[in-house]
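> Pasting the feature list from Swiss-Prot:
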type: REPEAT; residues: 37-73; note: repeat 'HEAT 1'
type: REPEAT; residues: 113-150; note: repeat 'HEAT 3'
type: REPEAT; residues: 151-188; note: repeat 'HEAT 4'
type: REPEAT; residues: 189-227; note: repeat 'HEAT 5'
type: REPEAT; residues: 228-266; note: repeat 'HEAT 6'
type: REPEAT; residues: 267-305; note: repeat 'HEAT 7'
type: REPEAT; residues: 349-387; note: repeat 'HEAT 9'
type: REPEAT; residues: 388-426; note: repeat 'HEAT 10'
type: REPEAT; residues: 427-465; note: repeat 'HEAT 11'
type: REPEAT; residues: 466-504; note: repeat 'HEAT 12'
type: REPEAT; residues: 505-543; note: repeat 'HEAT 13'
type: REPEAT; residues: 544-582; note: repeat 'HEAT 14'
Amino acid sequence: MSVVEEATDDALYPIAVLIDELRNEDVTLRLNSIRKLSTIALALGVERTRNELIQFLTDTIYDEDEVLLVLAEQLGNFTPLVGGPDHVHCLLLPLENLATVEETVVRDKAVESLRKIADKHSSASLEEHFVPMLRRLATGDWFTSRTSACGLFSVVYPRVSPAIKSELKSMFRTLCRDDTPMVRRAAAAKLGEFAKVFEKTAVIEGLHSSLTDLHVDEQDSVRLLTVESAIAFGTLLDKANKKKLIEPILIELFDDKSWRVRYMVAEKLIEIQNVLGEDMDTTHLVNMYTNLLKDPEGEVRCAATQRLQEFALNLPEDKRQNIICNSLLNVAKELVTDGNQLVKSELAGVIMGLAPLIGKEQTVSELLPIYMQLLNDQTPEVRLNIISSLDKVNEVIGAAQLSTSLLPAIVGLAEDGKWRVRLAIVQFMPLLASQLGQEFFDEKLLPLCLNWLTDHVFSIREASTLIMKELTQKFGGQWASTNIVPKMQKLQKDTNYLQRMTCLFCLNTLSEAMTQEQILKEIMPIVKDLVEDDVPNVRFNAAKSLKRIGKNLTPSTLTSEVKPLLEKLGKDSDFDVRYFSEEAKNSLGL
């Protein structure tokens with residue numbers, strides 16, 4: 001919503017009250033008034049807003065952080081309320097003050113607003129008003145102002161004269177050498193962004209020395225931010241300069257003494273690969289990556305493992321299979337027994353993504369042993385992640401290998417103690433059914449599917465009813481009549497009402513995959529019986545089932561078979577049963 005629209009909505013709000021609330025001792029009232037600042041400004045008009053309201057806000061800027069945060073945000077949208085771009089510079093002073101406060105979130109919001117209004121300044125106005133403010137911030141006594149200054153260079157630089165550009169470069173380089181680590185950190189964070197607005201020919205001369213200094217800074221919190229900056233530089237430089245100036249910096253960061261820097265390298269690995277990959281010796285890059293996979297710090301191994309599949313995919317196609325089998329998988333085999341569960345969990349999520357890259361033969365000989373080991377890991381998340389990549393294996397190894405190698409483990413996990421693992425297996429049954437065929441499925445897997453219908457966890461029961469529809473669509477209605485309906489008839493008589501409800505849920509999904517004749521012959525007799533159930537919850541679920549099943553029947557069948565049952569339920573003693581019966585009748589037009 002625009003400032004003007006918001007102000008119109010609040011047009012009747014007493015302006016005098018809002019102005020009084022700006023001075024109120026109660027922080028809640030001040031906060032409320034600051035949020036309505038645009039309403040006050042609109043009522044005052046642009047001239048009084050510039051001369052009185054902005055002056056008032058500038059003078060009384062010492063307040064609770066939450067008030068200052070809202071104020072910093074509001075001022076970023078104030079350009080039309082002070083008379084447009086010609087007068088936008090009047091917003092600089094209050095935002096400059098906010099950019100120097102102690103609270104980081106307030107400073108960041110003030111910088112965000114300053115960046116927004118910088119765009120509203122003409123080039124002349126930038127030089128006359130914005131640059132002097134930036135100069136004051138960059139040379140301020142307090143580190144807070146110098147920190148904020150770092151975020152403003154990139155929005156000013158492209159639109160000022162060469163002389164001022166030269167001054168801005170010098171100012172930024174000074175901030176990169178600041179005595180305070182927080183300022184150097186802010187400069188390192190914005191270095192790449194600043195480089196992107198430079199003339200390409202000036203990047204090396206203007207900023208490369210700062211990158212070189214910052215990547216060997218004594219503070220690891222500064223060095224880790226140069227990873228992203230170095231990547232940004234790499235995208236800007238030609239091949240020769242990238243090789244000469246950026247590659248050595250990134251290589252040093254790979255081996256940094258601080259695990260936090262190495263973690264950042266692992267996080268940004270694919271971007272580094274994209275920047276250096278074509279021009280760097282592949283073996284060298286792979287060696288540096290495998291060192292990250294073997295890093296003594298678990299967090300680094302975790303981040304590096306996460307990127308295994310994508311790193312492999314980005315390798316040169318002619319060398320890819322050889323590198324995966326001879327380098328990456330050797331390290332992956334060690335990670336299977338890693339002491340850190342998170343590392344194993346990440347490995348389980350990506351390892352089978354290598355299958356399409358190395359082909360069937362290598363998948364069977366190299367990946368399946370890893371897969372089987374992870375499938376039997378003691379950590380539930382590891383088992384869950386490896387099961388979730390079953391489809392990737394399927395595509396490569398085919399049904400015969402699947403049935404002999406993986407099936408025993410899958411059957412074992414069907415009764416896993418962790419319900420999420422069981423759920424993952426349930427959800428893969430339709431995929432296995434299509435791969436293995438009906439005969440094999442009926443013999444080995446159908447009993448599992450039927451057992452899940454009585455699982456003690458609702459999510460498993462629900463998921464198993466949903467896959468029955470997919471299985472019926474694959475194998476046909478007659479298959480369901482032979483294999484599923486007898487189980488439904490058994491559940492229909494179960495003493496536990498939850499099982500009788502599961503029976504109804506399953507019939508709902510089955511009906512969508514069966515013909516009308518099969519529904520009338522196989523499903524309706526069971527529903528008719530459950531309409532008479534002693535438990536109201538079962539009866540109202542029977543009404544809901546009739547609503548779903550009825551959508552697969554012709555109007556004449558609805559009238560003869562479904563309507564009498566719903567009318568009977570409509571006279572039930574239980575309110576919920578009557579409600580759902582009426583809802584079903586309305587939905588089916590009965």
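Using N, Cα and C of the backbone, Cβ positions are placed for all residues, glycine too.
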> If we skip the immediate neighbours and take only residues 6+ beyond the ends of the repeat 'HEAT 11' (427-465), which ones have a Cβ under 8 Å from one of its Cβ atoms?
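Distal contacts: 387, 390-391, 394, 398-399, 402-403, 407, 410-411, 414, 419, 471, 474-475, 479, 483-484, 487, 491, 499, 502, 505-506, 508-509.
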> What same-chain residues lie close to the repeat 'HEAT 10' (388-426): Cβ under 8 Å, and 6 or more beyond its ends?
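Answer is 348-353, 355-356, 359-360, 363-364, 367-368, 371-372, 375-376, 380, 432, 435-437, 440, 444-445, 448-449, 451-452, 455, 457, 459-460, 463-464, 467.
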> What else in the chain is close to the repeat 'HEAT 13' (505-543), if you only count residues 6 or more beyond its ends and a Cβ gap under 8 Å?
453, 461-462, 464-466, 468-470, 472-473, 477, 480-481, 484-485, 488-489, 491-492, 497, 549, 552-554, 557, 561, 565-566, 568-569, 572, 574, 576-577, 579-581, 583-584
> Do any residues of this chain, six or more beyond the ends of the repeat 'HEAT 12' (466-504), have a C-beta under 8 angstroms from a C-beta of it, and if so which?
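Distant contacts of the repeat 'HEAT 12' (466-504): 426-427, 429-430, 433-434, 438, 441-442, 446, 449-450, 453-454, 510, 512-515, 518, 522-523, 526-527, 529-530, 533, 535, 537-538, 541-542, 544-545.
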> So what's near the repeat 'HEAT 4' (151-188) in sequence-distant terms, Cβ-Cβ under 8 Å and 6+ beyond its ends?
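Counting only partners 6 or more residues beyond its ends, the repeat 'HEAT 4' (151-188) has Cβ contacts under 8 Å with 108, 111, 114-115, 118-119, 123, 126-127, 130-131, 134-135, 137-139, 143, 194, 196-198, 206-207, 209-210, 213-214, 217, 219, 221-223, 225-226, 229.
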> Taking all residues of the repeat 'HEAT 7' (267-305) together, what is their mean pLDDT?
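Looking only at the repeat 'HEAT 7' (267-305), pLDDT averages out to 91.
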> Report the DSSP secondary-structure composition of the repeat 'HEAT 14' (544-582) as helix, strand and coil residue counts.
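In the repeat 'HEAT 14' (544-582), the DSSP-based counts are 30 helix, 0 strand, 9 coil.
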> Take the repeat 'HEAT 12' (466-504) and count its residues per DSSP category (helix H/G/I, strand E/B, coil), listing them in that order.
33 helix, 0 strand, 6 coil
